[in-house]
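Engineer: Marked as transmembrane segment by TrEMBL: 25-43, 55-77, 97-116, 136-157, 177-204, 224-247, 259-278, 329-347, 353-371, 378-402, 422-451.
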Amino acid sequence: MLITIAGFAFSVGLLIYLTVRWQWPSFLALLIASYTAGLSFGLSPNQITSAVMDGFGVTLGEIGLTIALGTLLGYILEYCGATISIARGIIVFFGDRFPGLALAITGYIVSIPIYCDSGFIILNSIRRYLAKTHHVSPVFLSTVLGSALYATHTLVLPTPGPLIAAINFQLTGYLPIVLMLGLVLSLLAAVAGFVWALCVRNLVPAKLDSQNAEEPLVNESADIHFLIAITPILTPMLLISVGGIVGHGENMVSQWFGFLGQPVNALLAGLATTLPLLKYGSAEKLQMCISKGLEAGGKIVLIVGCGGAFGYVLQSSNLTELFTRNSGFVNLGLFLPFVMAAIVKTAEGSTTVALITASVLVSPLLSALGLDTTTGRLLALFACSGGAMTIAHVNDSYFWIITEFTGMDTATALKSLTIATFFQGIVVLLTVLLLAFFLDVIALQTIPFLLG
């Protein structure tokens, strides 16, 4: 028993050490951790190899194409200038009275199909324009935009992190619920970031914006109608949601909705709606964005596959049985997935890696935690997501992108963005616990544990 638990702890520690101390690629560190865990659990060489290969193959079979299409969709929106058009449309709608709110809503929407770091780079010119023309604190707007982008990036499908975690928690058949609940929780997280930005706009001295940062190669002059620009984002979300609701019948219409509601097909439909946008970019730019999208997607696919391999090795051990026998372990409840993700996020820096790693580690233990139901898995998923937000600091590339493009010094960014992400994670956790309480899912055990 002690050897198994020690092997589990050592493999997780090795994963964090390799990525933090030696700066190894996450996929390679996950792969080494998989073999280390297998040896520690006493698995034979053939068992370890089979678990690694099966885990890698099955995981990519479920999600590999989805990641590639989702990443490609985001890059096309970025390089055709659709994201800038969305931002302008929202700002025009809200007028001059609420620049911070307009920027928050823009970040909330834009980060659904693209990564938050790319989103911040793209929208930075809009943020800088609002700060200059409306005489609003750059620190306030930077924190508002950064936290809004961060919220949907961590919590909303089809972003790879929450999508992979949903699959690890065996929620593939409940993706519409995952999507809708993620939208609600990310809205609360964005509000938490907005409130903290209001608190620090006068406490933190406003720094001049950086004029030296390289701006993205996007077509900011493209005159794209707001509805055309936002359709590729809304299409997959609507198809997944509607398909999950009406796609289970036996008639032909229900079957077609179920077909279109599959993530791969929904994203393909979203890509089809980008065709009107391609006229706003040259053929050379299109080839470049496709290459960059596939390159970024390939890196994520490797991380996902090796994360799946790590999960299969853990499932091949008797970890679940050991933890089930420990009655005190059950009292951790939803607190464990949150803490697991927060530890990996704070130590390693990547939200996606934190979500993948924590979901892989926690999914075999759901029964021991009292979370082995559909509702329990949903809550565990979002507890992991809350932990994966906590916190963004100096080892997170997103942190440095914001400081570079805004001119904020490190101390100012720590006081504004980092603390904002802390409150965002806590708000998500508290909301999940509140949902658990009302849904009568292990909250009566978890809340007393948190209170000591």
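Glycine is treated like the rest: Cβ placed from N, Cα and C.
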Engineer: Pairs of Cβ atoms less than 8 Å apart decide it: which stretch in 55-77, 97-116, 136-157, 177-204, 353-371 has the most with the transmembrane segment (329-347)?
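Structural biologist: Counting Cβ pairs under 8 Å, the winner is 353-371.
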Engineer: Count the CB pairs under 8 A between the transmembrane segment (224-247) and each of 55-77, 136-157, 259-278, then give me the winner.
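Structural biologist: By the under-8 Å Cβ criterion, the transmembrane segment (224-247) pairs most with 259-278.
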Engineer: Among 136-157, 177-204, 259-278, which stretch has the highest count of C-beta pairs below 8 Å with the transmembrane segment (55-77)?
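Structural biologist: Maximum Cβ contact count belongs to 259-278.
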